[in-house]
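The structure appears below as structure tokens.
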Amino acid sequence: MSDQKFISIRGAREHNLKNVDLDLPRDKLIVMTGLSGSGKSSLAFDTIYAEGQRRYVESLSAYARQFLEMMQKPDVDQIDGLSPAISIEQKTTSRNPRSTVGTVTEIYDYMRLLFARVGIPYSPATGLPIESQTVSQMVDRVIALEEGTRLYILAPIVRGRKGEYRKELAELQKKGFQRVKVDGTFYEIADVPPLDKKYKHDIDVVVDRVVVRPDLSTRLADSLETCLKLADGLAIAEFADKPLPVGETAEGGSANKSANETHERILFSEKFACPVSGFTIPEIEPRLFSFNNPFGACPTCDGLGTQQAIDPNLIIPDESAALKDGAVAPWARSSSPYYNQTLEALGKAYGFKVSARWSELSEEARQAILYGTKGREITFHYDDGLRSYQTTKPFEGVIPNLERRWKETDSAWSREEIERFMASTPCPACNGYRLKPEALSVKIGKKHIGEITEMSIRKADAWFRDIDGSFNEKQREIAARILKEIRERLQFLNDVGLDYLTLARNSGTLSGGESQRIRLASQIGSGLTGVLYVLDEPSIGLHQRDNARLLDTLRHLRDLGNTVIVVEHDEDAILTADYVVDIGPAAGVHGGKVIAQGSPQDIMANTNSLTGKYLSGAMEVAVPAERRKISKTKRLRVVGARGNNLKNVSADIPLGTFTAVTGVSGGGKSTFLIETLFKAASRRIMGSREHPAEYDRIEGLEFLDKVIDIDQSPIGRTPRSNPATYTGAFTPIRDWFAGLPEAKARGYQPGRFSFNVKGGRCEACQGDGVIKIEMHFLPDVYVTCDVCHGKRYNRETLDVLFKGKSIADVLDMTVEEGAEFFSAVPAVRDKLETLVKVGLGYIKVGQQATTLSGGEAQRVKLAKELSRRATGRTLYILDEPTTGLHFHDVAKLLEVLHELVEQGNTVVVIEHNLEVIKTADWVIDLGPEGGDGGGEIVAVGRPEDIVQEKRSYTGQFLKELLERRPKRSSQAAE
């Protein structure tokens, strides 16, 4: 084999890999698949990508290396045939509130350039374009008029300002000027009548009187320059005899004609300045349109587009509460009588009692409590038991008081307390567009840059394709290359199924799949060749309908001359690959071997490959023999959901069932389920402060006692958090060790076995097991602590043994081994067995939370819920729980979810995976398209009902699946 044609890996042992030898064809689309935790990412990211990136960075100078994060050398004997590597992982792009889809894809940078070069500023006062001209352009415009036209050349020194202007007129006379036009009438300067200083005046200085003829240029240029100096960049050519004929232009005149022309005069400006309002724009440069630059950012919100403001709904969370029972939330916790006595005084003035509910108060009384008495003085009587006094003053109002204290306080605690009652609102100065008025006055095709970023990518693409029709020849020439870059990038975003996003969408609000596909679009835009791309499940969050477009994109990346390695479980992706590598046979310590490799057909033919069995149909996720009965009375009903793109949606979710919310990306699933139902229900039932999206009402919440969103966020942000601490298994483990005879003899308490507190932990590394050493030109090195040798505890703590194992040995066991080891200790065993049940038997009991993938973190949370005593009245909400799961893992996950439902709970999932949708009792399909074209209920009912609906894309793909695979017994979950 020639090394140039293959990436040759020898002896890969990173994480759980078992000395893997592998030859991967270059310039091909390669899919790595296998069970969750089998070692796919260890091979693709931690070995191949890490080595490719490390070698590239190593080739740079020491100075350059200090700015780049350098990967550790993977545990591998040899890798040949590598190219510089780029990884596109499942991480949200950026939590920075200044990062948007437009900035990440660089489309916004090109838009700034386009607006700076061909945008036309408009006056907010007149709505007319503001143009800047050179003296030569002004001269050309005048010479282009009909020969013999008589003109006054005027300098408008005063525009609509009050004053007498005697001094200014005297100065003009000294300089040799003789005539002025005051408020529309011509005068000799000596004869100007006294001006009333209470009224606004217009004064134009007559600089010259000319008759248009071809040899006028030099004199005209001098006169215009004098005007521009006198009037701060403005000059007027006014017709002495007749007005400018309608539509009159000399040859070439249309291109030069100023939009500031009337039939009596032509106004010239050498600056971007409105002659009417004086609204000026500095020189138009790309930075004027940057909300990350003080030159362009809105000064009120500093370019964020939002402001923190006190939200009246958080001040009065429950309108049915009485004033004396804490209706005013910021005052509710205080034990001081001050607040009640304040309300009593306001009650006397506005005619209400403190026993009244908020909903019973008059509008005037509500406004007085919230926003103050606006100068009306109120007599307050205060008595705190120690002293009594009376004061008469206006009442400031709850909201102004909180806003003032928030601005004035230096205490972080006070600020945090007040922020509990604040919400983000669009900035009133820029309406959420993030830019200064000057930037928003510049338009192309009657739209400013902010309006275009608010369009969906689909609409923006159409707008940019049509816009050059409105350009003149010069503008077209300038814009051509910029438009090409913008159109290409928008096309790539369309191709990866993101046409429903807006360019203004905050990067932090994107799902992992969306942000990965955005980075994918940016990579295609860069047009690199000879690169090794490593991708992590790019199909996440993508409906089957858009899958083909994504796969086309990956093939396009390959056809440019790149090697594309994709870690993926999606059936279509595996079948479209040039080469498939199946890692297994199971997860964790039971994985790490190459089970099968070759074409998709080779994988299907391999009897050892679990993936092959699912692809060929030998195994499958079974459709339930019968679905649960749907109760007509026990149901949740969401009425009038209108958040984001939802169009007044009302839908029922039957309680005690497994419901799937489906639809294309951007159809409104997350808005309906997470932003509306979950936030509203958790606010009502759990007392959370989350802000739900707009809706009318939700019925049926009385049937629930808990609402839990099991998402893919990390279970802990520090290496000290692990599955044992999160699920609560670590507490009984520590208790058990503290109860052992050796521990009792030494007087050890459970705290002795914690690595978070002094006592039992190793103080050299403070219980971390490793010590970080900063290396400025190399990656930071974590060296194993030489005192405890990575065990995290001191020697005395490690002397306490159970069945010959110390607490450190227990943390190093896999969950499966731990469950067996503690088989006689139900408090520990039961919690660890739930982790095994959700398919996490392969992770370590003490594995650092930061090393778990999103899918693994979600299943740890699921295990925690399973181990709780069931009330049968919980609503579980999961957003794409099959992320990172192999077909076989999906079958296991479904068993767990259905077990939660069997306990009487309700499980609702947002899901694109047809294997999950086909097992649901009830399906709500939103769409039909993404973005503006979505937000409606397309179909609702059992999966068999969904396939009948012609408009439902989910139904079309589900129909194929149900017809292709007949119902079978539960062979899959063997």
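Glycine is treated like the rest: Cβ placed from N, Cα and C.
The local packing around Lys669 (ATP binding site), expressed as other Cβ atoms within 10 Å of its Cβ over all shown chains, amounts to 27. Classification of Lys669 (ATP binding site) by DSSP places it within a helix. Residues or ranges marked as ATP binding site in Swiss-Prot (evidence: sequence analysis): 34-41, 663-670.
Annotated domain 'ABC transporter 1' per Swiss-Prot: 331-610, in sequence order.
For 630-959, the entry in Swiss-Prot reads domain 'ABC transporter 2', with the evidence type sequence analysis.
Marked as zinc finger by Swiss-Prot: 762-788. A Cβ distance under 8 Å defines the sequence-distant neighbours of the zinc finger (762-788), meaning residues of its chain 6+ beyond its ends; these are 62, 65-66, 69-72, 719-720, 754-756, 794-795.
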Secondary structure of Lys40 (ATP binding site) (DSSP, helix/strand/coil): helix
For Gly663 (ATP binding site): DSSP state (helix, strand, coil): strand
Counts of helix, strand and coil residues, the zinc finger (762-788), according to DSSP: 0 helix, 8 strand, 19 coil
Where Gly34 (ATP binding site) falls in three-state DSSP terms: strand
Tertiary neighbours of Gly34 (ATP binding site) (same chain, Cβ under 8 Å, six or more apart): Lys40, Asp582, Ile583, Gly584, Gly591, Ile595, Leu610, Thr611, His886
